[in-house]
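Asker: Just dropping this structure here.
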Amino acid sequence: MGQRLSGGRSCLDVPGRLLPQPPQPPPPVRRKLALLFAMLCIWLYMFLYSCAGSCTAAPGLLLLGSGSRAAHAQPALVTASNETSPKMPFRAPPANSLAAGNDKTVVAGSQEEQSPETPDSPSPISSFFSGSGSKQLPQAIIIGVKKGGTRALLEFLRVHPDVRAVGAEPHFFDRSYHKGLAWYRDLMPRTLEGQITMEKTPSYFVTREAPARISAMSKDTKLIVVVRDPVTRAISDYTQTLSKRPDIPSFESLTFRNRSAGLIDTSWSAIQIGLYAKHLEPWLRHFPLGQMLFVSGERLVSDPAGELRRVQDFLGLKRIITDKHFYFNQTKGFPCLKKAEGSGKPHCLGKTKGRAHPVIAREVLRQLRDFYRPFNRKFYQMTGRDFGWD
């Protein structure tokens, strides 16, 4: 046999533990799982990195692309350019402008409908990146009018990837001004460079203090007013109140101060809001007419893409929202979005929109139209647009 070691053992008798043992290879399944996990982490990192700059910018339709704001000197029905316009500068208000207390509006009435069915709910991806961007004071505000179509316009605009808007009505310039601009800014969604921050509160249009307060925030704020035939607007206003308070008096009894004399009661908020020319005057003392856009509530129903084209031009946005984004819902009598913000599903306004109006006597309607006619004509002259309500 072989050479003997001390102790009488041969080299073949050395215990196995004294020899170096090769490391055991990991089981094949474990090795594959580790490799798969590493590849998944790398893929996820690359995906998030590539989306970080664009997902927040486009929380709406994925088919819209990233979009960009186009520069426009004046609203015009021409193809928007691809130049990117800078954000409108913000001018800080005077120090004493935030010292106001509770506010009173021109007219009393029920609170604006908050439309709980349409909260400010961005898509899951944009929520994931909610830390991106910064909160800005709004560069554009939909200031009116109640029951004119402001909710529809806001929902349509939120499809645009360069528009970020608050879903609920802040009511800052009429009810909460004493809370200060920092509180107001904190209500706004985060935006990236090139995006527009917006909000809508229809009661601003009839609030005496609102024009000066918005001007103090920024004289460059763009203002949008959605108007509608004041007679049908008043009936719609009454219908909304009736749905909440079925015991209120009839429309006819609220309309007239003296029915036999045909005197209209202008103290009733449903009537008062429709005096558009009267409410517009204080706004024109603080903002030039070119900084205001008047949207037809009727055309917002019959031709939403056409009105949205005007709005996009006014805001300096690329014309992204077109006919392909709408379909008409025969049941509701309203246009609906084929795809809403952050969703691939069709979206119509909630059940509170499109209520059936009560039947109003023809004579009452005639008297109301006669009453509003001079105010309407003055409004046409002030805005340079005939809305065809007469």
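These residue numbers are counts, starting from 1, taken along the chain as shown.
Using N, Cα and C of the backbone, Cβ positions are placed for all residues, glycine too.
Pulled these features from TrEMBL for this protein:
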{"type": "REGION", "residues": "1-26", "note": "region 'Disordered'"}
{"type": "REGION", "residues": "77-133", "note": "region 'Disordered'"}
{"type": "COMPBIAS", "residues": "111-120", "note": "compositional bias 'Polar residues'"}
{"type": "COMPBIAS", "residues": "123-133", "note": "compositional bias 'Low complexity'"}
{"type": "DOMAIN", "residues": "138-378", "note": "domain 'Sulfotransferase'"}
{"type": "ACT_SITE", "residues": "K147", "note": "active site, for sulfotransferase activity"}
{"type": "BINDING", "residues": "K147, G148, G149, T150, R151, R228, S236, K353, G354, R355, A356, H357", "note": "3'-phosphoadenylyl sulfate binding site"}
{"type": "DISULFID", "residues": "C336-C348", "note": "disulfide bond"}
Asker: Do you see any of the recorded positions C336, C348, A356 whose C-alpha is within 10 Å of K147 (active site, for sulfotransferase activity), and which ones?
Answerer: none
Asker: Whole-number Å distance between the CA of A356 (3'-phosphoadenylyl sulfate binding site) and the CA of C348 (disulfide bond)?
Answerer: 17
Asker: Given a separation of at least six residues and a C-beta threshold under 8 Å, show me what packs close to G149 (3'-phosphoadenylyl sulfate binding site) in the same chain.
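Answerer: Looking at Cβ-Cβ distances below 8 Å from G149 (3'-phosphoadenylyl sulfate binding site), excluding near sequence neighbours, one finds V226, R228, V295, G297, L300, V301.
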Asker: Take the Cβ of the residue listed as 'active site, for sulfotransferase activity' and count every other Cβ within 10 Å, whichever protein chain it belongs to.
Answerer: 25
Asker: Taking the Cβ of C336 (disulfide bond) as the centre, count every other Cβ atom within 10 Å, in any protein chain shown.
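Answerer: 18, counting other Cβ atoms within 10 Å of C336 (disulfide bond).
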